[in-house]
Structures are given as structure tokens and as C-alpha cells.
Amino acid sequence: MPKKKPAKHSGDDDITAPASPQIGSSIDTWWWLTHKGTTTSFICISLFALLIRSAVSMYPYSGAGTPPKFGDFEAQRHWMELTTNLPIIDWYRNGTNNDLTYWGLDYPPLTAYQSYIHGILLRMFNPESVALLSSRGHESYLGKLLMRWTVLSSDALIFFPAALFFVLVYHRNRTRSSKSEVAWHIAMILLNPCLILIDHGHFQYNCISLGLTVGAIAAVLCGSEVLTCVLFSLALSHKQMSAYFAPAFFSHLLGKSLRRKNPILSVVKLGIAVIVTFGIVWWPYLQSLDDFLMVLSRLAPFERGIYEDYVANFWCTTSILIKWKKLFTTPSLKSISLAATVLASFPSMVQQILSPSNEGFLYGLLNSSMAFYLFSFQVHEKSILMPFLSATLLALKLPDHFSHLTYYALFSMFPLLCRDKLLIPYLTLSFLFTIIHHSPGNHHSIEKTKASFFSFTNFPGYVFLLRTHFFISVVLHVLYLTIQPPQKYPFLFDALIMILCFSYFVMFALYTNYTQWTLSSHSRSSDKEKKHI
């Protein structure tokens, strides 16, 4: 038989992977990696993203120069101090050398192991920065430089490869993807302004848990379900907030397993992968029930209450009218918030159990994480990173809504970033995102399907409402920076920002939940058309 000639590509031609019977084949992946333009785009954007991260890291961090407890920077440094000086069994235990009231470890063991590795690095080059007890509040130039480097290297070693893995799988599965679309999507993921400001400005290591989550998502898209379970179990073992995505992973994998010839065997196989992964990571604390419960108690600080700062979720926003903390006890609020979170996640889960699909799974991640952000117990401003990450993965499906979500996600963290003196990075990254998002290309045209007829833009007055929201947000920016609030209401502007962002998040969640459900009807319609043909 005559050989088929390879398709020619030039300029901004469509990138269409060669036919492959196995989606996850190494040949197909190698084709993507070596195809002209794809690798170059990723490398160039990655270098630029690292440069932006380095620039942001030159600004202050959480709690800089504010004793006695400083902030998140000191918390991360203190964990390095603890893990490099104490036995592993004492990392979560209150004691003479580990006062849990002073930034005690409150993340799962994988975070502790990460702190140990980074602590070894600091001890090699700057021993006094992790000296037991005497290093509290350490803020030397070298110490800060090394701490910033640990975040930058974690991003480059975990989040960036995971983003590449996702982009390769996602665009390989699409019918047609132009090079400009691929490059734009890479930029949206790697230049995530919320993640950059929190990790490299405020100072945290969300890039690790989010990188593991993105890797698990990519594994789902290429059909590697065991790898999915391993990577997502690692994400959960690094930060408990990864549970925001758990309903989507659970429902999608369950829905696919139920369609197998032997569903029980499929579920057992995945269950073993989860148990083994958790068992390895948690092994030092599985030697006794007391040790295990000790760690678990550190991961759920219910004593802090259902909310703390002015976060744009349901409980904090409605507390203006309903005094939840006065009306209900903490145990009651735990049950109420759990019920509300499950109910908000339930429609998305049901859709994936009944009709699992890759696109539905991505929407499920967005909807479940937004449900957790809006209704779960003890949510922080930084938790918006979870639904926003999901939105970046779907950026090509909802570019206009993604632009609005980015703006309000950033705005919801505005008071926090102002307290950290990160106003200039906040404004710069907002401007940079706007330029990149509106860069020339065909990524602005939403993929039209029979399920996409619904949009808020179809409702009379929506555009006016959106513009009014934007105008009010601009005014609040100015007021927050220039005027002192009334003494009687010192957090007036924080509350107004919270209400504004919450109202948009609710509209966005309604839209994405509806869109996910319409995917099922569109899929059934497509199947009927194929059968008819």
C-alpha cells in the first residue's frame, strides 16, 4: 500500500496529531513534543513566566517585619526548622521544642517532607535560618533569597511539567488546535496571576499540590486512571484543600468504572492505588491510632470558626444579615456547611456518574471546587486558587467568562495583597493578563455546540449588570487605597468587595453547572445523529 504523506503545517496552521490507536502512545506524545512551534512556545512562555515570578518575589511577603508571629513566610520557615531538628514523630506533637500555638504544622505529611527537603537546603547555606528556637523571625537577606528560591524551583520542577503534560494531552485530543491556541492556553496556565501573587508574593507552596492535581487531571484525559489516583492522592497528602476537587475525580472515575465489563474489579484496582499511595506517605503516623488522630486533628482547625477574614463565600457574605456564629454552635455549623457543600457539588457529580466525559470532567472540577469555596467550612481568600485553576484549564471553552472570573478572583484577594504590600505586582499582573488574554488569535471564539446556546449574555440587562459591577469595583479600588473607612465600620470596604465578588462567583457557578449538564444532552444528540447516519 502506498504511504500516506504527512500533513504540511506552516505559519499558524492547525496542529492535528497523527492518527493513533492508543491515545496515550509514546509515539504520539513524541510527535507533539517535536512538532515545530509547540516545544518552542512552551519553553519561551516558561522562561517568561519564571522571570515574572522572580520579579514578584522581590516584593514583600506575608508578615514581613511584623513580630511576634510574622506571617505565612515565617510559618513555612518554621516548619523547615521543626522538620530538620526534631524526630519525624514529633513534627505534629506539642512539646517544649514545638509550640503548636506558634505556627504548628497544619498540613498533611507530604508538606512536612517538602519542608524537610527545603530545610536541608537552607541548613547547608544558611544554618542560622533553621536553628531550633533561635531562628524564630529570621529574615536575613540570604535566608529570604533561599526561601524564595525553594518556591521558584518547586514551581519549575512540579507545576510546569504538569502543565506541559496537560497541554499535550488536552490539545492532542481536540479535533483541531492552532499553534496560537496552544501558546495562548500555555500562557493562561503558567501566567496564572492568582497563583503567582500567592506563592511568589504572599509566600506559599500551592504550586506543588496544584501541580500534582494538574498531573492527575492530565492522566484522566489520557486514560491512565491508576496514575490519576496516585497523583491526586499525593496532592491530597500535600494540602487538604485539594479535597475541593475530590467530588469531580470520584464521580468521573466511578462513572467510567461502572461502564466497564467488570466494574467491581476496576473500582478495587483504583482503590488499591489510593490506599497504597496514602499508606506510603502517611506510614510514620500509622504506627499507632493516637499518632494518626494527632495529625488529623491538626488538619481540621474547626476551633477557628466557619470563617475568619472577609472571604467572598456564602457564610461570610450572608453573616452581614445572619449571625451564624451566634445562632449555631461550631458542631452544628460543621454539619450545615457539609450539607451545603455536598448539595452544591451533587448535580455536577451526578452528571459525571451518568455520563462521564473528559470535557464534563473538567467542568466538574470547576463546579466542585467552586462549591467548596462558596460553602465549605473555614475558607480563606487564597482558596479561590482551586476553582481558578480549573477555569484556566477550560480557558479556551469560556474565554469571556474566564476573563471576568480572573478579574474578580484577583479582586477578592485585593485586601489581603494590600496588607502584604503587593499592590504594584497586583496591578502589573492584572494589566499583563489583560494584554495576553486579548492578544491576536482565534482563541476568543468559543467552540459552539448545541449545548452552548445558554449564556448570561442572552439575558436582558446582563451586560449592564456586568458593567455596573466593574464600575463599582474600580470605585472600591480607589476608595480602599485613598480613604479611611468610618471608625464604626472599619472593614466596610472589605465587606463591599466581598459582596461584589460573591455575587459574580454565584452567577459564574450557575452558568458552569448548567453548561456541564447540557454536555450530556449534546452528547446524546450527537450519538443519535451518528446512528441515523
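Each position is counted from 1, following the chain as shown.
Cβ atoms are placed via backbone N, Cα and C, with glycine included.
Automatic prediction, not curation, is the source of TrEMBL annotations.
According to TrEMBL, the feature region 'Disordered' maps to 1-20.
TrEMBL lists 42-61 (among others) with the feature transmembrane segment.
For 149-170 (among others), the entry in TrEMBL reads transmembrane segment. Within the chain, the transmembrane segment (149-170) has long-range Cβ neighbours (under 8 A, six or more residues past its boundaries) at 24, 29, 32-33, 42, 46, 49-50, 53-54, 57, 114, 118, 121-122, 182, 185-186, 189-190, 195, 199-200, 203-205, 207-208, 210-215, 217-218, 221-222, 393.
Positions annotated as transmembrane segment by TrEMBL: 182-198 (among others).
When Cβ-Cβ distances below 8 Å are used as the criterion, the transmembrane segment (210-236) is approached by residues 23-24, 108, 110, 155, 158-163, 165-166, 168-170, 173, 189, 195, 242-243, 245-246, 249, 252-253, 256, 269-270, 273-274, 277-278, 281, 358, 361-362, 365, 385, 389, 393 of the same chain, each at least six residues removed from its ends. Residues annotated as transmembrane segment in TrEMBL: 210-236 (among others).
Long-range contacts of the transmembrane segment (264-285) within the same chain, counting only residues at least 6 positions beyond its ends with a Cβ under 8 Å from a Cβ of the stretch, are 88-89, 92, 108-110, 113, 225-226, 229-230, 233-234, 236-237, 253-254, 256-257, 291-292, 294-295. Sequence annotations record features per position, and here TrEMBL assigns transmembrane segment to 264-285 (among others).
Under 8 Å from some Cβ of the transmembrane segment (360-379) lie the Cβ atoms of residues 217, 220-221, 243-249, 251-252, 301-302, 304-308, 311, 313-316, 333-334, 337-338, 340-341, 344-345, 347-349, 351-352, 386-387, 389-391, 393-394, 397, 502, 505-506, 508-509, 512-513, 515-516, 519-520, all in the same chain and six or more residues away from its ends. The transmembrane segment feature in TrEMBL is assigned to 360-379 (among others).
Summarising the annotation, TrEMBL assigns transmembrane segment to 422-439 (among others).
For the transmembrane segment (459-479), the list of distant contacts is 404, 407-408, 411, 414, 493, 496-497, 500, 503-504: same-chain residues at least six beyond its ends, Cβ to Cβ under 8 Å. Look at TrEMBL and you will find 459-479 (among others) tagged as transmembrane segment.
Same-chain neighbours of the transmembrane segment (491-511): 309-314, 316-317, 320, 344, 367, 370-371, 373-374, 401, 404-405, 408-409, 411-412, 414-415, 454-456, 469, 472-473, 476, 479-480, 485, counting only residues six or more beyond its ends whose CB sits under 8 Å from a CB of the stretch. The annotation transmembrane segment is assigned in TrEMBL to 491-511 (among others).
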At a C-beta cut-off of under 8 Å, are there same-chain residues at least 6 beyond the transmembrane segment (42-61) that contact it? List them, or none.
71-73, 144, 148, 151-152, 155-156, 160, 164, 167, 183, 186-187, 190-191, 196-197, 199-203, 420-422, 424-425, 429, 432
State the residues, same chain only, that lie 6 or more residues beyond the ends of the transmembrane segment (422-439) and have a CB under 8 A from a CB inside it; answer 'none' if no residue qualifies.
52, 55-56, 59-60, 184, 187-188, 191, 193, 196-197, 201-202, 399, 402-403, 406-407, 410, 414, 481
